[in-house]
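Undergrad: Okay, handing you the structure first.
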Amino acid sequence: MAESFGVGGVVCGWLRSSLLALPCAISSVDMEKREDLNSILPFLPLFLRSSALFWPSQVLEALKALASGPAVSRVRSGGVLFDSILDLRDSLGLSSGELAPRTASGYALFFDEMMSGMDSRVWFEEAIPGMARLLLRLPSLLEAHYLKSDEMFGEGKAGLRFMGPQEPGLVFLNQELIAALLSCAMFCLFPTRDRDARCPPIINFDVLFASLNRNGKHSQEQKVRCLVHYFERICLRMPTGYVSFERKVLPRESSDHGVTYPTAANWSTSTVPLCSFEVFSSGLIEDQPHEAIEVDFANEYLGGGALKWGCVQEEIRFMINPELIVGMLFMACMEDNEAIEIIGIERFSCFMGYGSSFRFIGDYVDNKPYVSVGRRKTRIVAIDALCSPRMWQYKVEGLVRETNKAFCGFLDQSMYKCRLKWYANSSKQEKSTGISENENRSEVEGNSDSESSQVMDSQDNVGIATGNWGCGVFGGDPEIKSIIQWLAASQALRPFIHYYTFGEAALHRLEEVRQWILLHGWTVGDLWNMLVEYSDQRLNRKTHVGFFAWLLPCNKPSDVRHTSEQLS
């Protein structure tokens, strides 16, 4: 029977002879009929035949040689490594012309000149054979993955698949399979043909290596060092945890099953109290010690320029946590009502600097504990801000778009309505009886028959760790963005938001503004209305100062101060 080919090029497959001891049930899995596999197959370098995945014989022999080490493969230099990569691609029917120009010189430059002699020996004697062994097992790892995800979540619910816009759902991968897929990226084995704007980005490393030159950006070399360090680590000791990638969607149509996309009127009338807000003038989001969702200042295409020339917040995060890159393989671009949440990612590298000053400075041992189903307690949410919004960010439509984008990322749909009901009951009881929120919480927790007691789960203390989202190269107003994220976190019923200013001069009064707002006991609706009022004045050129200066009473005209006094 002839091999089947994907839209994106040749698809490759399962080497049965390399299977480790796997459950016999795998042989009964009909891979050809799986919708999840068929959706991602065009983007994988695998063959599918007779309901099994396998490598073509030429690829198999080449990988066996690489797995045996340089004594057999003769791969002891970057130049020879790239020749082997070209041979693998040719055996898969992939043209060398599809790779970025100067990729060959980039591999040679890094592994033969930029890497020390000792590190180079470790790379070619240990890392390359380890990656080749992973690739030999990739087909069996994939088949085991589909079987395991069916057992854990139900058939087709969490298996590796293409996730297009407006398709909420989960992909649940173990770290070994992620390592095998990233090894494909290092060897540039993913097909690149017949792709359009709807497809996810290509995750081959060719562009990254092609960007290396002796007089180029040092940050590109440092990004490669992070990735090489990751491969050295996983070949030394394979991690055994799991990572989940979830596409989150706020439906635009009303539904009984979840929260829909809020309107300006919804925000204006919200009575939800503002959550705790703490300002940090130093420190980094990824180093924060609390149980919090860490915000990725994302591009609409997950990962942004991580594998190209970018080196700002999102790209750096993808270098120190390379497992994030796998999400780029199957996640299509985000629309206005979508976010992507990743749980369980492991960090491998330490770094310093930002942008052109970014530097890899060594190994990082991730000691984050594990949560449910083998995932580390690291939660990241990717939300993309408006790019170069200029004055549109002050229009109500712009405010709604940005606030809803953050709200989508911060929201836990599964428990939201129950928690909202609990908060409403808590607020009513406190007003009528004088019982504080903490006292009411204790009473609810002690009532096992109460529906509201279900909200007191492990997610209840998970806050938000963020910073200047959508500012910097995206051109957003830092003062507006900080308030928008506070509104979104509060409405999502998160207990706190920890805001890292990264030394942004425009936010030097953020702590003062925080204290002033909390002093007045405003709700989400109150603060939203103040933001809209300011934005209207900014659009109509009635004010030219920033939101903070406009808001604080010492700088406010009498009519605006009167409005704030009414709200308080």
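Cβ atoms here come from the backbone N, Cα and C positions, even for glycine.
Curation plays no part in TrEMBL annotations; they are all automatic predictions.
Per TrEMBL, active site is recorded for ASP296, GLU314, GLU315. According to TrEMBL, the feature substrate binding site maps to ASN299, GLN313, TYR354. The compositional bias 'Polar residues' feature in TrEMBL is assigned to 445-457. Summarising the annotation, TrEMBL assigns domain 'PARG helical' to 116-247. Here TrEMBL flags 431-457 as region 'Disordered'.
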Undergrad: Including all protein chains shown, what's the count of other C-beta atoms within 10 A of the C-beta of ASN299 (substrate binding site)?
TA: 21
Undergrad: What are the DSSP helix, strand and coil residue counts for the domain 'PARG helical' (116-247)?
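TA: The breakdown for the domain 'PARG helical' (116-247) reads 73 helix, 13 strand, 46 coil.
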Undergrad: Quick one: pull the CA-CA distance for ASN299 (substrate binding site) versus GLU315 (active site), whole Å only.
TA: 10
Undergrad: May I ask which residues of the same chain, at least 6 positions away in sequence, place their Cβ under 8 angstroms from the Cβ of GLU315 (active site)?
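TA: Once residues fewer than 6 apart are set aside, GLU315 (active site) is near LYS223, GLY303, GLY304, GLY305, ALA306.
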Undergrad: Which one is it: of the active-site residues ASP296, GLU314, which Cβ has the fewest other Cβ atoms within 10 Å in this structure?
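TA: It is GLU314 that, of the active-site residues ASP296, GLU314, has the fewest other Cβ atoms within 10 Å.
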Undergrad: Just checking, which of GLN313, TYR354 (binding-site residues) has the fewest C-beta atoms within 10 Å of its C-beta?
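TA: Result for the binding-site residues GLN313, TYR354: minimum number of other Cβ atoms within 10 Å at TYR354.
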